[in-house]
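Listed in Swiss-Prot:
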ACT_SITE  Glu268  active site, proton acceptor
BINDING   Thr39, Gly65, Asp66, Gly67, Thr68, Leu69, Arg70, Asp71, Thr92  ATP binding site
BINDING   Leu210, Asp213, Leu215  Mg(2+) binding site
DOMAIN    1-129  domain 'DAGKc'
Amino acid sequence: MSERKALLILHGKQALNEEVRAAVEARRAAGWDLQVRLTWEAGDAQRLVQEALAAGHTRLIAGGGDGTLRDIAEALANADAPASLVLLPLGTANDFARAAGVPLTPAAALDLLDVPARAIDLGEVGGQMFLNMATGGFGSQVTANTSEDLKKVLGGAAYLFTGLSRFAELSAAYGELQGPGFHWHGELLALGIGNGRQAGGGHELCPGALADDGLLDISILPAPQELVGTLKNLLAGGLGIDNLFVRARLPWVEIKASRGLDINLDGEPLQGDTLRFTARPGALRVHLPEDSPLLGGAR
């Protein structure tokens, strides 16, 4: 029975979540030795992962939103330990979990403890890893939030313009992207670099992405000067934004932007004028549904 042992690292704000408590108790009643630890401040996720591994745990559970899942996934991948991860999505967007088919109810999510773990990729940039997606654009107020007005205009692609509170704030700048067999340069509005498929609560920016193919999906929204001025009218007239994207699938891509690029890395901000994004194949073992849409690249 020693293998029926796991440790849940739970975001502190979820400590009083009765659904989580009931799911944990149900697992314990089924014979699992399931311990719980709470995060309180920055750095706790990494510390708790290290403590869990030192104590001999080989199954960890990440309970929280996309940022918490990223922190725990990164810490576990960096530890290079023979341990696997179960995702307990408790955020508002839960983008990676939704795309992967992970149940959003705690009891059903914990059922994945009984499903064999599969190796999946992570993305890496500037020494930081991401589980789901990096989105970026130009603007001084890039955050994880997106204007409701902008969502109405741009639909799913609005999340690319994270934090731009008014359409008038959209700005294009020159960027250059280069990877194996791929070179693109020009004025761009925004981009998405996905290990997963969606961001912003269900918007598929990288619709064909697989989490186990050793590649990152790149989606670029170009901004020729004539398009920047008329984008709102084009979209309001019924032109779908998806066919405006330039897409690629690469093991790595280097981005150069003279004005600097604001990146949202699974909720974490990052900025730079030269950034290299790399796929880390098989960096993490995760218990996903056997029919997960994100699996298939390594089959």
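Keep in mind that glycine also has a Cβ here, set from the backbone N, Cα and C atoms.
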Item to check | For Arg70 (ATP binding site), the one of Leu210, Asp213, Glu268 that lies nearest, given that the recorded positions are compared by Cα | outcome: Glu268
Checklist outcome for this item: One residue among the binding-site residues Thr39, Thr92 has the fewest other C-beta atoms within 10 A of its C-beta, namely Thr92
Checklist entry - How long is the line from the C-alpha of Thr68 (ATP binding site) to the C-alpha of Leu215 (Mg(2+) binding site), rounded to the nearest angstrom? => result 23
Item to check | Distance from Thr39 (ATP binding site) back to Leu210 (Mg(2+) binding site), taken between C-alpha atoms, in Å | outcome: 30
Checklist entry - Widest Cα span across the ATP binders Thr39, Gly65, Asp66, Gly67, Thr68, Leu69, Arg70, Asp71, Thr92, in Å? => result 18
Checklist entry - Other than its own, how many Cβ atoms are within 10 Å of the Cβ belonging to Thr68 (ATP binding site)? => result 27
Checklist outcome for this item: Looking only at the binding-site residues Thr39, Asp66, Asp213, Leu215, the residue listed as 'active site, proton acceptor' has its closest CA neighbour at Asp66
Checklist entry - Which residue counts does DSSP give the domain 'DAGKc' (1-129) for helix, strand and coil? => result 55 helix, 36 strand, 38 coil
Item to check | Spatially closest candidate among Thr39, Asp66, Thr92, the listed binding-site residues, to Asp213 (Mg(2+) binding site) (Cα to Cα) | outcome: Asp66
Item to check | Surrounding CB atoms that lie within 10 Å of the CB of Asp66 (ATP binding site), all protein chains | outcome: 26
Item to check | Residue, out of the recorded positions Asp213, Glu268, whose Cβ gathers the largest set of other Cβ atoms within 10 Å | outcome: Asp213
